[in-house]
Every structure is written in structure tokens, then in C-alpha cells.
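Undergrad: Dumping what Swiss-Prot says about this protein:
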MOD_RES   K7  N6-methyllysine
BINDING   G67, P68, R69, G70, S71, G72, K73, T74  ATP binding site
Amino acid sequence: MSNRKTKGNSAVHPECLSQVQRILRERFCHQSPHSNLFGVQVQYKHLIELLKRTAINGESNSVLIVGPRGSGKTMLINHALKELMEIREVSENVLQVHLNGLMQINDKIALTEITRQLNLENVVGDKVFGSFAENLSFLLEALKKGNRANSCPVIFILDEFDLFAHQKNQTLLYNLFDISQSAQTPVAVIGLTCRLDILELLEKRVKSRFSHRQIHLMNSFDFPQYMKIFKEQLSLPEEFPNKVFAERWNENTQSLSEDSTVREVLQKLFNVNKSLRSLHMLLMLALNRVTVSHPFMTSADLMEAQHLCSLDSKASIIHGLSVLEICLIIAMKHLNDIYEEEPFNFQMVYNEFQKFIQRKAHSVYNFEKPVVMKAFEHLQQLELIKPMERTSVNSQREYQLVKLLLDNTQIMNALQKYSNCPTDVRQWATSSLSWL
């Protein structure tokens with residue numbers, strides 16, 4: 001089959017498209033070793049120099065990488081570690097320990113994970129230690145090859161660093177920072193957090209042992225730079241096997257970046273959230289629409305992707321509810337309007353629902369109370385309402401306080417798209433306090 005095809009609906013070899021999907025998906029999921037860093041070159045230089053001082057010179061360091069979610073904190077540290085490990089003398093000696101505050105929720109779990117990642121389970125064996133500090137010191141001592149100069153440097157990466165600060169006594173942080181200040185095994189402690197006030201969470205003894213180095217990532221690029229990132233992220237590399245297809249794909253990407261509809265889509269996304277994560281999500285959804293019969297991305301693909309990105313998941317759930325459940329949500333909406341967002345209980349919702357039935361005199365909505373209760377519990381299972389306190393065994397379910405997790409705009413927009421919604425139910429939703 002000839003590679004010289006027109007841009008229309010001409011057939012493209014499936015293997016070629018498969019390679020495109022693989023390359024771009026790896027890039028969008030931050031799994032590609034060749035992806036670029038955008039707008040953080042200064043921060044990257046600072047971080048790599050700090051890591052080299054630990055790995056090559058045996059100097060202990062600590063630093064916090066601070067920035068909002070999606071700003072590239074993980075990508076920054078991964079790129080720095082990749083470059084560091086390409087140095088032969090470093091790759092043979094430096095050890096890495098990756099911890100996450102969502103997974104290592106206490107000191108014992110963290111210590112077990114450190115032992116596992118350092119491959120020291122056999123060394124520890126059945127030894128009993130008096131304290132966390134003693135155990136950690138033993139692990140690092142086991143890595144020594146004689147003197148400090150020959151010790152294996154260890155790089156600790158603590159993701160969700162602020163969650164470690166909420167652990168009891170901050171024992172893990174204290175001991176890691178204490179070691180980084182002492183003359184023991186050279187270590188680098190790298191914390192990743194989205195909390196700008198992270199230092200306020202640290203105890204005085206922990207703060208005194210921290211170097212107070214911070215690297216801030218703030219997504220400071222403007223829209224023209226954002227458009228440049230869009231083109232770079234969607235372009236195929238020069239080494240792509242099918243040169244003709246790569247050239248046409250990149251020409252199509254260039255024309256997309258100049259399309260007014262595409263620029264409008266990207267401007268909206270930029271105004272709401274200019275993190276690369278949100279851009280990658282948009283491009284990933286658009287890429288899913290590329291097929292053998294539709295081999296080039298279009299503005300329509302990006303518009304559909306934007307629509308999917310902006311979908312309200314809770315409003316979408318409403319479309320699948322029964323009329324009874326819709327009625328209960330409307331009753332809760334009115335209770336919110338009356339009591340100004342104060343919590344309510346099932347009995348209050350049921351009474352409001354009964355007013356509607358009596359006003360309309362519709363026997364079609366006259367369900368037994370246990371049936372209404374079942375519908376109310378289903379809304380709770382769908383997390384459209386949430387209990388305000390933990391349910392006790394002896395408490396009556398109908399008097400348990402709950403809160404509606406939908407606002408009026410979400411409810412009204414969902415009702416507009418709700419198929420076969422009875423007219424009187426729709427009118428009830430738009431009515432004011434006059435129903436009382």
C-alpha cells in the first residue's frame with residue numbers, strides 16, 4: 001500500500017495509527033522519557049544540582065517542591081532522577097526510596113516500605129528495635145561500605161508530603177531531616193506538596209532540622225506559550241517510522257493550532273485550568289476518536305473532548321433517576337431554599353413531598369412511605385446526599401440529618417435534559433416558596 005494518500009478519508013495502515021496512539025498516549029500520561037519540561041527550566045536546574053551534590057559529593061540535602069495539582073511536580077522530579085541515573089557512577093551507587101502519604105499512613109508502614117525498597121529485609125530479620133530512629137539508623141548503617149565517602153547515598157521522595165505532617169509526632173519527617181543534618185549516610189529528602197502553608201504544619205523540632213529550601217511551580221506561562229505547548233504535545237517526533245504520515249500529521253496539527261474554533265476551545269480550558277494535566281486529558285479524549293477511517297484529528301474532535309471534560313458527573317446521574325427520586329431532589333431543593341442550606345432529614349423531605357401530592361391531587365405519585373424511604377436511601381448511595389454525622393445503631397433513619405450535594409443550577413439544568421419528565425413536576429421545581 002502506498003504511503004502517498006490524500007488527507008481525506010484515505011486509508012492509513014492500522015500499524016501506523018497504532019504507533020501514533022502509543023507515542024502520544026505515553027506522552028499524555030507522563031510515561032514518555034522524551035517529554036519536554038515547560039516553563040520550569042530554572043526550577044529543574046536547581047533540583048538537578050541539589051541531587052548531584054548528594055549523589056556525587058555525598059552532601060545531604062532537603063527540599064520541598066510546592067505547586068498546585070497538575071503543575072508538574074512529579075514530572076520535574078522524574079526528569080531529574082532520569083538524568084541523574086544516566087551518570088554511570090551515580091546509577092551504580094545511589095538508591096531511591098519513594099513514599100506516598102496516601103499509602104504509608106503511619107511510621108510502621110513507612111519503615112516496612114523503606115526496608116523493602118532498600119532490599120534490607122534479610123538484614124533486619126527478626127531484630128527488635130527500641131525506636132523508629134534506631135531502626136532507620138540501622139537501615140542506613142547497613143548500606144555503608146566502610147566510611148562515609150563509600151556510603152550509598154539515598155534519595156527519599158515523599159509524595160503528598162503534607163499528609164506525613166499530619167501523622168503522629170511527625171516521627172518519620174523528624175528522623176529523615178535529622179539524618180540529612182547529621183554526618184551519617186548522605187541522604188536527600190525531596191517532599192512534594194500542593195500546600196503553600198506546608199511549613200506551618202511542621203512541628204518546631206522538625207522545622208529546625210529542615211533546610212527551608214523550596215522550589216515553587218506555578219504554571220506561569222501565558223496563552224501563546226500554551227498554544228505552543230499544544231502543538232508540541234500533539235506533534236510526532238522526527239524519528240517516526242512513516243515520514244510521510246508524520247509530516248501530514250504535523251501539518252494537520254499546525255492547521256489545528258491556527259483554527260479559530262480550536263483556539264476558542266483551548267482559551268476556555270486555559271481560563272478554567274491551565275495545568276498540563278487538563279490539556280493532556282483533552283488531547284487524550286480527542287485522540288480516542290482517531291481511527292483508520294478518520295486518521296487526522298479535527299476541531300470537531302476537540303470540541304467533543306471539551307464537552308466530555310466539562311460534563312457534570314452528578315448532573316449526569318440525575319438523568320438516570322426515577323420520577324420519585326427526582327421529586328425527592330426537588331423537595332430537598334425547596335428545603336434548601338427555605339432553610340438556607342441547613343441540614344434536613346427524611347421526614348422533612350417526605351412532608352414536603354406530601355404537600356406536592358396534596359396540592360396536585362395526583363394518586364400516581366402517592367407512594368407508600370417505605371418506598372419513598374428506599375428511594376431516599378438510593379440517593380444517599382449515589383452520593384447525591386450525604387449524612388452529616390455517623391449513623392448509630394439506635395438512631396431512627398428518618399431523623400438522621402443529611403445535606404444535598406447538588407446546587408439549584410445543577411438540578412434545573414439536569415431537569416431540562418431529563419426525558420419524559422412530567423410537566424407538573426417540572427413546574428414544581430421552578431416554583432418558589434409559595435408552595436408552603
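Every residue gets a Cβ built from N, Cα and C, even glycine.
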Undergrad: Ranking the binding-site residues P68, G72 by other Cβ atoms within 10 Å, which is at the bottom?
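TA: It is P68 that, of the binding-site residues P68, G72, has the fewest other Cβ atoms within 10 Å.
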Undergrad: Taking the recorded ATP site as G67, P68, R69, G70, S71, G72, K73, T74, identify the other residues of that chain whose CB atom sits within 8 Å of the mean position of the site's CB atoms, giving them in sequence order.
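TA: Near the ATP site, the remaining chain residues are C194, L217, N219, S275, R277.
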Undergrad: Counting Cβ atoms within 10 Å across all protein chains shown, which of the binding-site residues S71, T74 comes out on top?
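TA: When each Cβ's neighbours within 10 Å are tallied, S71 tops the list.
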Undergrad: Taking R69, K73 as the binding-site residues to compare, which has the smallest set of other Cβ atoms within 10 Å?
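TA: Lowest Cβ count within 10 Å among the binding-site residues (R69, K73) is R69.
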Undergrad: As a test of the contact definition, list every same-chain residue at least 6 positions from G67 (ATP binding site) whose Cβ is closer than 8 Å to its Cβ.
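TA: The answer is K73, C194, H216, L217, M218, N219.
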Undergrad: When DSSP is mapped onto helix/strand/coil, what comes out for G72 (ATP binding site)?
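TA: Its secondary structure by DSSP: coil.
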